[in-house]
Amino acid sequence: MKDIKNPIETEKQEWRKQQIKQRLKTWLTIFSPICLLLIWQFLSQSGLIDARFFPPPTAIISTFIELLTSGELFHHINISLFRIFTGFLLGVIPGVILGLCMGLYAPIRHFISPIIMALMPIPTLALLPIILIIFGIGEVSKVVTIAGSVFFPVVINTIAGVISIDSIYLDVAKNYGASRKDFFLKIALPGSLPFMMEGIQMGQAIALLTIVAAEMMGARSGIGYLIWTSYSAFLLKEMFVGLILISFFGYIFSLILRGLQRKLIPWR
Amino acid sequence: MSQNSKISIHELTKVFYKKQNSVTALENITIDIEEGEFVCLVGPSGCGKTTLLRILAGLENQSSGNFKIERSNEDRPNQSMVFQERGILPWLTVEENVAFGLKMRHLPKWHVKERTNYFLNKVGLAKFAKMYPKELSGGMKQRVSIARAFANDPEILLMDEPFGALDEQNRYILQEELLSIWSETKKTVLFITHSIDEALYLSDRVLLMSAQPGKIIDEVKIDLPRPRKLEDMRSNQEMASKFLDIWRHLQVEVQGSRL
């Protein structure tokens with residue numbers, strides 16, 4: 001019977017059960033991608049799917065190591081990361097500043113928001129030919145393309161973030177004599193951070209999409225270029241290496257931004 | 001207007017206007033509050049008492065009339081407000097919240113630090129200085145809000161139902177703490193509440209307001225000696241009759257605004 005047992009002992013067992021359940025969930029998360037790779041390997045090797053189009057993961061890994069040791073891969077990764085990073089910053093910084101201004105000052109918001117609304121639906125990639133004409137085929141054009149597509153989600157989320165700040169905080173700031181600069185840095189910036197970081201996350205995902213497409217269309221290097229040329233030459237293992245790299249970097253960037261979010265918003 | 005009043009409000013009127021529909025929130029409010037006086041403003045919800053406070057706090061403009069806060073020192077801010085719940089900034093730590101007013105005035109760092117620590121100790125939150133508001137209880141948050149206002153050392157203090165959202169026991173404790181801090185500084189306070197008990201316990205004078213349009217309909221002097229104990233107030237026969245007096249007055253107003 002249950003009530004004969006010591007109550008602490010009962011709860012201890014209950015707690016252990018919870019711990020095991022928790023660990024199981026972690027394992028399931030790790031297990032799912034491995035499971036997918038195993039199925040892929042099996043299907044590809046057994047000939048159930050065409051190994052020319054879907055080479056087995058083990059073959060992709062050995063190609064990956066080959067490209068890595070030859071140094072070719074590093075070159076592509078370096079150049080792509082440089083483009084993503086500079087483009088990202090060039091999109092995020094003006095996006096945050098303009099977003100704060102628009103959120104804080106209604107006249108600026110009403111004046112500029114129609115322009116943003118009109119430009120936003122146009123994919124930056126569709127503008128790539130014009131960007132190439134203006135900025136040439138060098139690095140600047142890729143960086144500008146990325147900056148352009150990162151800018152919009154950041155600006156829109158920052159505006160929403162500022163607007164969502166509870167008006168009582170604005171009253172507090174006003175009552176205690178906050179200057180214009182204080183409103184900007186002590187109220188609007190921290191108050192809009194949660195929304196802003198969501199926008200930056202979105203921007204990060206869009207930056208990866210954009211870099212690959214931009215490098216496919218007008219570049220002589222980078223991960224997108226690697227994917228495109230490998231595909232054209234029917235080197236599908238190399239193409240898969242490129243695809244997996246993109247997915248890998250997307251995952252890493254998300255992790256970095258989540259960590260940053262926790263650092264920047266400790267009060268949530 | 002009397003000569004030595006700290007706050008003088010003269011025929012203040014506030015009208016809210018929206019699409020040919022105007023509501024008179026405050027009508028010809030005239031109040032004089034002396035230096036060092038603790039005045040409570042009691043009235044039914046929606047009687048415009050918060051609007052009056054917001055006008056004094058510079059958060060809203062009156063439609064007509066005027067008010068004046070007598071200044072004693074050029075460096076002091078005119079007024080500081082203790083807001084209803086949610087009045088402390090969630091992205092600042094307890095310490096930074098208390099220092100907020102002082103920092104906005106760009107006072108020297110050592111001075112900010114000293115005053116902040118002094119008032120953190122006063123409200124018993126020194127241990128929690130580095131925490132964020134999300135980790136605090138409702139009572140602790142209001143202590144932060146009170147410390148912030150006192151630390152700012154304003155000419156007058158405005159309090160907008162600061163204890164309205166607290167449970168009864170916490171409210172009694174905070175009322176007592178407020179009186180103890182106040183007795184040290186002897187600031188002039190205008191305190192809004194809808195609790196008659198709270199008004200009787202805290203104030204030197206209770207002003208009664210009517211609803212829509214908000215007018216001052218009566219005032220009651222509370223001459224219970226200080227320092228006050230809650231027990232004294234409860235056992236005092238005169239206070240009991242004052243409670244009933246105020247209640248009868250307000251009852252009419254509350255029922256009137258319900259119809």
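Glycine too: its Cβ is placed from the backbone N, Cα and C atoms.
Among the features that TrEMBL reports, domain 'ABC transmembrane type-1' is placed at A:77-257.
The transmembrane segment annotation in TrEMBL covers A:26-43 (among others). Long-range contacts of the transmembrane segment (A:26-43) within the same chain, counting only residues at least 6 positions beyond its ends with a Cβ under 8 Å from a Cβ of the stretch, are 49, 54, 56-58.
The transmembrane segment annotation in TrEMBL covers A:81-106 (among others).
Per TrEMBL, transmembrane segment is recorded for A:118-138 (among others).
Annotation source TrEMBL lists transmembrane segment at A:150-170 (among others). Panel annotation: around the transmembrane segment (A:150-170), residues 87-88, 90-92, 94-96, 98-100, 102-104, 109, 113, 116, 119-120, 183, 187-188, 191-196, 198-200, 202-204, 206-207 of the same chain, lying at least six beyond its termini, place a Cβ under 8 Å from a Cβ of the stretch.
TrEMBL lists A:205-228 (among others) with the feature transmembrane segment. Listed as Cβ neighbours of the transmembrane segment (A:205-228) (distance under 8 Å, sequence separation of 6 or more from its ends, same chain) are residues 73, 75-77, 79-80, 83-84, 87-88, 91, 124-125, 128, 132, 137, 141-142, 145-146, 149-150, 153, 238-239, 241-243, 245-246, 249-250, 253-254.
The annotation transmembrane segment is assigned in TrEMBL to A:240-260 (among others).
Residues 55, 60, 63-64, 67, 73, 76-77, 81, 84, 197, 200-201, 204-205, 208, 212, 223-224, 226-227, 230 of the same chain, all 6+ positions outside the transmembrane segment (A:240-260), place their C-beta atoms under 8 angstroms from a C-beta of that stretch. When Cβ-Cβ distances below 8 Å are used as the criterion, the transmembrane segment (A:81-106) is approached by residues 112-113, 139, 142-163, 183-184, 188-189, 192, 196, 199-200, 203-204, 207-208, 210-211, 215, 222, 249 of the same chain, each at least six residues removed from its ends.
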